[in-house]
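Just below is one structure, and these are the notes that go with it.
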């Protein structure tokens, strides 16, 4: 899986999962599953375009991890980037929000995203 930490100045774009989806109602970094033959970067570009209707800059690796959910193990790859074309819209999620880094702890995230939230909070400026 690839996930985008989309930055705009001092803010990060979050997407809220639809209530009926797995981990519904939680906030996350936009992204999704890689298709056969696709690079993680291409996956991220496609997923962000599908979910938010925008094009992103070259994704830069930020953090990778494995997370064990009761039903599966997930490999998650997080990248920083910025929007280069379009205005984000909640096309495949319940809603979106631009938030300041220090506000991240106010949002409920899936357990697999928590280590990345902590790393963002400890990091300096995020380049996108």
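In case you wondered, yes, glycine gets a Cβ from its N, Cα and C as well.
Caution: TrEMBL annotation is automatic and unverified by curators.
Under the heading domain 'Nudix hydrolase', TrEMBL lists 1-122. The 8-oxo-dGTP binding site feature in TrEMBL is assigned to 17, 22, 28, 29, 30, 31. Feature annotation from TrEMBL assigns Mg(2+) binding site to 31, 51.
Annotation note: residue 30 (8-oxo-dGTP binding site) sits in a coil segment as assigned by DSSP. Highlighted in sequence order, 3, 15, 27, 32, 93, 110, 113 have their Cβ within 8 Å of the centre of the Cβ atoms of 17, 22, 28, 29, 30, 31, the residues recorded for 8-oxo-dGTP, and are not part of that set. Taken together, the residues of the domain 'Nudix hydrolase' (1-122) have an average pLDDT of 95.
Summary for the binding-site residues 17, 22: the Cβ-based neighbour count within 10 Å is maximal at 17. Cβ neighbour count for residue 29 (8-oxo-dGTP binding site): 24 (other Cβ atoms within 10 Å of its Cβ, all protein chains included).
Taking a C-beta cut-off of under 8 angstroms and a sequence separation of 6 or more, residue 31 (8-oxo-dGTP binding site) has the following same-chain neighbours: 1, 2, 3, 4, 43, 44, 47, 48, 51. Spatially close to residue 30 (8-oxo-dGTP binding site) yet at least six residues away along the chain are 3, 4, 6, 13, 15, 47, 48, 51, 52, 93, judged by Cβ distances under 8 angstroms.
Residue 17 (8-oxo-dGTP binding site) carries neither a helix nor a strand DSSP state and counts as coil.
Long-range neighbours of residue 28 (8-oxo-dGTP binding site) (same chain, six or more residues apart, CB within less than 8 Å of its CB): 3, 14, 15, 16, 17, 109, 110, 113.
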